[in-house]
Structure formats: structure tokens, C-alpha cells
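If you look up TrEMBL, you'll see 40-64, 76-95, 115-144, 156-175, 181-199, 236-255, 267-287, 751-770 marked as transmembrane segment. What TrEMBL lists as domain 'DUF7088' is 298-398. Annotation comment: TrEMBL describes 434-697 as domain 'ABC-type uncharacterised transport system'.
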């Protein structure tokens with residue numbers, strides 16, 4: 001029998017010089033082929049998919065939160081890479097050393113730098129392929145909501161920057177040892193440590209000054225800035241510097257094995273490495289001062305809005321913005337402080353001579369006393385010092401001044417609305433004439449007093465007070481003259497008056513029967529050109545001991561009935577498009593169809609940036625658009641799987657059994673409409689079948705629609721463009737948007753926690769089959785001859 005001789009496959013390199021890039025490509029192909037021809041690639045892909053999706057669904061709470069964003073997917077990526085990446089890099093150079101192939105490769109016309117770059121590139125490309133396959137599976141959920149594609153692009157760019165940086169570090173560790181197991185353990189421990197020190201709960205365990213340093217150094221901190229959908233130049237410099245540093249270190253380690261310690265080439269590499277390290281340290285320490293940002297988001301939520309530019313560039317007088325800050329703020333305020341500094345630099349640049357920015361550190365006793373005097377509130381927090389925790393204080397607040405007038409933001413604990421907070425105060429200081437908005441304060445459920453909950457609109461009232469003149473509209477009782485003893489006092493006279501110069505009348509949930517005179521005057525106000533924002537409640541909710549709903553009877557709810565817009569009796573629910581609530585004793589929120597999330601219909605300026613509305617125990621409208629001289633536009637509508645409970649059978653229990661609902665009675669219902677006169681002097685109006693949309697509980701989700709509506713009703717420019725920039729992603733639909741029939745009624749989103757891992761498992765199996773096919777082809781080459 002003829003003896004079979006195995007031939008070692010040759011790696012074909014081009015001659016050095018003009019074709020050196022081909023050598024690099026050859027090495028990359030060699031490593032990629034090794035991943036796919038061995039079980040390692042198959043196992044790594046499978047573990048990556050299952051671990052990442054599991055973390056995304058559980059800790060990331062994607063399905064529980066129900067928002068159209070992939071932030072949780074990328075927040076879980078660093079933790080996933082802690083386990084996956086060391087498995088790919090552990091043998092990059094260690095295996096070459098242990099197998100004795102490193103010396104063989106260096107006899108070929110390939111440079112050490114090409115070799116190192118090829119190793120890093122192979123790992124990065126392999127994981128990029130994993131991201132792409134995962135994206136194909138995750139893209140299934142794009143059918144259930146309006147995702148920001150620009151933000152997702154920025155997040156994947158950040159993922160690639162993180163991957164190539166960690167790959168360069170892993171290859172460097174692999175160059176230090178012949179042991180693959182040792183390389184894995186060292187890479188695992190150091191990458192895990194580098195990520196954890198940037199995690200706030202861990203960083204808070206260190207003294208504040210040191211915590212600030214390690215938080216800036218952590219690769220997690222830099223990566224998290226890309227999750228918002230923006231790529232800062234300081235972040236780009238960090239990742240480029242980090243990668244370059246470990247490329248040079250790997251190059252130096254391998255080069256030192258070929259050359260004497262005092263070789264000039266080694267001295268050059270050491271010097272270059274020191275320069276790169278210095279640049280990285282400077283970029284980390286002073287990164288917040290590096291300007292420049294690319295905002296990939298569709299609504300440019302990370303950039304200064306056009307309205308802000310218009311206000312700042314046209315100020316009649318100079319406005320001074322002063323920030324009072326402490327150097328020893330806890331870790332959770334460090335990122336907020338960086339964002340404030342970045343925003344103030346933009347204000348300084350755009351405002352030019354109109355805006356003056358003053359920075360005052362409260363480490364100076366005089367500045368600390370001044371902060372207290374102007375109304376900046378003191379922060380109290382625990383600080384680690386001398387191996388024990390103590391109470392420390394600090395400041396982080398702003399003042400906005402024009403001449404002798406000053407407005408104060410006593411504490412900045414979030415930058416989500418800071419741009420609006422600053423510009424609205426600047427405009428308030430520099431504007432003399434403002435539109436007047438009246439709020440009906442008698443016979444209504446919601447009030448401006450309080451903070452949080454369903455029964456107050458204090459946050460909206462604060463917003464309106466900054467941009468408009470807000471007045472209360474209510475009945476007044478005539479003061480009666482004193483009467484002599486023994487004489488009968490006359491009955492007091494009650495008068496209801498609407499100011500003539502009122503731009504908008506807001507009616508927040510009427511819940512009583514008003515006098516005919518009140519209804520008539522409101523109708524006359526509308527007929528004579530006034531604007532009305534009517535928020536009508538179909539039910540009143542009591543939640544002291546148990547949830548109870550009772551019908552609301554108010555003649556103001558039928559204010560526009562003669563124009564064809566009617567609030568119907570019934571409590572609305574939507575089995576597909578709704579929010580979730582948290583129950584005591586349950587880890588995850590549960591679906592609650594009475595918290596409906598109707599979709600915007602048509603192309604109205606009131607729904608710009610507000611594709612969905614959050615309604616709590618709301619109702620529905622019927623719209624008859626045959627009224628003469630009026631244009632009635634439907635603004636929001638439920639899904640096809642909505643229904644309502646009749647007044648004689650309200651049951652709003654959180655654990656209500658929805659299986660008893662008759663599917664044949666489900667339909668789609670309008671919940672909001674605008675009314676606009678076609679001609680004549682009549683005004684304009686908006687009616688919504690729920691007053692809770694402006695409550696403190698819901699206003700954050702509904703801010704875009706509410707502010708757009710106020711702007712449309714006042715018929716003037718405002719700061720709505722700033723306030724309505726979407727930072728909170730819109731809710732997910734439970735069915736596929738735009739689908740009809742049975743497909744449109746199935747809660748397909750509920751199946752996604754099973755569909756996603758199953759799809760990726762199939763993808764992993766396909767990858768395994770591909771590996772086997774490639775392996776067979778490779779073996780045929782080996783046995784050939």
C-alpha cells in the first residue's frame with residue numbers, strides 16, 4: 001500500500017517593497033481561516049451570540065422597557081467582550097511561539113509591524129462579522145418601532161473602536177508569553193478591571209480625586225459616550241492613541257527578540273511609544289477641553305439646536321452664564337460636569353460677544369461663599385478618605401444674569417434638558433413681551449401644585465411660565481359692601497371672565513357641570529379667534545386602597561361636539577400598543593393595556609418628533625369632518641386591537657384577565673384631533689381624550705406633542721425645537737407597524753425573546769457547517785499529491 005504523505009500548506013508571501021500590503025492581507029486571511037477551520041471560531045460565535053442577547057434581554061431590559069433603541073445591546077457589549085475577546089487573542093502570538101512558527105514567519109519577507117497589525121485586524125474582522133450576523137437577527141425588532149438609524153450607526157462605530165482597542169491589548173498580552181492559557185487569564189483579568197473601574201458603583205469605592213482619574217482612563221467611559229449617538233473627537237483620539245500604544249508595545253516586544261537591547265531601532269520605537277503614551281495621557285486628562293463632535297442622530301439630540309443659535313446670536317444685551325463647580329464631585333457628577341462644560345463652550349462660540357461664560361471653582365473660599373449667596377444649593381455626599389467614609393459637600397449649579405437681573409439653576413443633576421433650561425432663562429431675561437396663556441383652574445381635575453403623580457402638571461406649568469405669561473382663568477366673586485346691622489346681606493355675584501389678550505386657554509380635565517354662562521363665554525372666545533387646548537377625561541380614578549374608575553360628567557367635554565369632535569363614553573384599552581407598569585413583588589414590569597400608546601396619523605406640525613402618545617386611563621373620540629368652515633385633522637389613533645369598557649362595567653385591576661375580551665369587538669379609535677377654521681375669525685383648537693398626558697407622571701414622554709401643540713395654538717415661534725429633541729426613544733409596537741388583518745393583531749413582539757436567540761443559534765449552526773466545508777477543502781489541499 002502506498003504511504004500517504006501529508007504536505008504542510010505553504011503560505012505565499014510577496015516580495016517586500018511595493019507589494020508589502022499583500023503580505024499583510026495574506027497574514028489576515030491566514031488567521032481568519034484558522035478561526036473558521038478550528039472549533040474555536042464556532043464556539044466563540046455561539047457563546048458570543050447567546051451571552052450577548054441574554055444580557056441584552058435581561059440586564060439590558062430591552063423587552064421590559066419596550067423602547068425603540070438598542071442602547072442596552074451596546075451597554076452589554078463590553079461585558080460580553082470580557083469573556084470572548086481573550087479567547088480570540090490568547091493564541092495570536094503565543095501559539096506562534098509555542099509551535100515554533102514565529103521564527104519561520106520572520107524568515108519570510110514580512111515585517112514585524114505587518115505581522116502585529118494582521119493579528120489585530122483578524123480579531124477585529126472576526127468580531128465585526130459576528131456583529132453583522134447579530135445585527136441581521138436583531139433587525140427583526142426594527143419592524144416594531146421607529147428606530148434612529150443614525151444613532152445605531154454611531155453605536156456600531158463605537159463598537160468597532162472598542163473592539164480594535166481591546167484586540168490590540170489582547171495581542172500585546174499574547175506577545176509576552178508562550179502560554180495561551182496564561183494569555184487568556186491575564187487579558188481577561190485586566191480587561192475586566194479596565195471596564196469595572198469605569199462603572200459608577202465600583203468607581204465610587206475609591207477616593208473622589210482618584211476616582212475621577214480612573215473614570216477618565218477607563219475604556220468603558222470612552223465607549224459609553226458613543227452609545228448616545230455622537231462621536232466626540234476626544235473619544236476618537238483616545239481609541240486611536242490606545243490602539244497605537246499597544247501596537248507599538250507588541251512591535252517592541254517582538255523586535256527586541258531579534259535585536260540587541262541597545263539597537264538604534266529599539267531606541268526609536270521606545271521614544272515613539274513614550275510620545276504616544278504622553279498624548280494618550282493628555283487626551284485623557286484634558287479630554288473635556290477638546291472640541292468637536294459628530295452627531296449621527298436623526299434629530300441631532302447631541303447638538304445645539306437651530307432655535308438656540310437664533311436666540312444666542314440675536315441677543316440685545318450681553319448675558320453672563322456662571323458655573324459654580326467643585327473639584328471633588330463624586331463620580332456620578334463627573335460626566336455631568338463634562339457635558340456642562342462642553343455645552344457652555346458651544347454657547348460661548350455661538351453667542352460670540354453676546355454671551356459671557358464664567359467658571360468659578362468653589363475650592364476658592366470666596367467663590368464658595370458667592371455660590372451660597374446667589375442660591376446655588378450644596379450637594380452632600382460620602383467621600384472615602386483615610387480608609388473611611390466621611391460626609392463631603394460640593395456645588396454644581398449655574399446662574400444666568402443680565403445687568404442686575406439673575407436667574408438660578410441651583411443644582412444640575414442631569415443635562416437632558418439643560419440646553420432648554422439655559423436658553424429659556426436667557427430669553428426670559430431679554431424678552432419684554434410674551435404671549436399670555438390662561439389655564440382654567442376651577443372645576444378641573446389637574447392642578448399646578450405638587451410634584452409628580454397623575455393629578456398635577458407642575459412641570460408643564462414651570463415650562464409655560466418660562467416662555468409665556470401664565471394666568472389663572474376662574475370665576476371671581478364680587479366684593480359686597482358692608483351692610484348695617486339687621487339688614488339682609490345680598491347674594492354675592494359670581495363672574496367668569498376670559499382676558500381679551502389671551503392667546504391660548506388650557507382646560508386640564510374638566511370634571512364638573514359648569515354654568516351655561518361659562519360654557520358660552522368659552523365658545524365665544526373660540527369663535528372670536530381664540531385658541532383652546534381641551535384635555536377631556538372620560539373617567540375619574542381613585543387609587544387609595546384599590547383602583548376604581550367612575551365616569552366623568554362635564555358639559556365642557558362636549559365643547560366641540562357641534563363641530564363634529566365628540567368624547568365618547570368608555571374607558572379605552574389597547575391590547576397591542578400600550579405601556580407596562582411595575583407591580584410590587586414582580587421583578588419585571590407587566591403589560592397594562594389601559595396605558596395606551598396611540599400612533600401619530602398624518603403629517604401635522606403638532607406631532608413632529610412625537611410618533612407616539614402615552615395615555616393613562618384615557619378615552620376615545622368620534623370625528624365627523626363634515627362640519628362647514630372647519631378643517632378637522634385626526635392626530636393620534638390606536639392600533640386595530642383596541643377596545644373600551646362601558647361605564648357600567650369598569651374594571652381597571654392591574655391583573656385583569658384580558659383573555660375574556662371579545663376579539664370581534666376590537667377596532668381602531670382616534671384619540672386626538674385638531675380643529676382649524678377654514679375662513680373667518682374663528683380660532684383653532686386641539687382636543688385629546690385624556691388629561692393625564694400633561695401630568696407630571698407622563699409629561700416627559702408627551703413633551704414633544706404638548707409643546708408643539710402650544711406652539712401651534714399660539715401661532716408663533718418658541719423654544720419647542722429645543723425642548724422636543726427626542727432623548728427618550730418612542731415605545732415599541734407589540735405588532736408589526738402598518739400590517740393588517742391577522743398579522744396586525746398578533747402580539748409578535750412577545751415572541752422576540754425566543755426568536756432572537758433561536759435565529760442566532762441557526763446562524764451559529766450555519767457558521768459551523770461553513771467551517772466544516774472549508775475544513776474539508778483545506779484537507780483536500782493537504783492530501784493532494
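Glycine is no exception: its Cβ is also placed from the backbone N, Cα and C atoms.
Just so you know, TrEMBL annotations never went through curation; they're auto-generated.
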(message) Can you tell me which parts of the same chain pack against the transmembrane segment (236-255), counting only residues 6+ beyond its ends and a CB-CB cutoff under 8 A?
(response) 93, 102, 112-113, 115-117, 119-120, 161-162, 164-165, 168-169, 171-172, 175-176, 219, 222, 265-266, 269-270, 272-273, 276-277, 279-280, 283-284, 287, 290
(request) Could you break down the residues of the domain 'DUF7088' (298-398) into DSSP helix, strand and coil, giving a count for each? (result) 42 helix, 31 strand, 28 coil
(message) Looking only at the domain 'ABC-type uncharacterised transport system' (434-697), what is the model's average confidence as pLDDT?
(response) 86
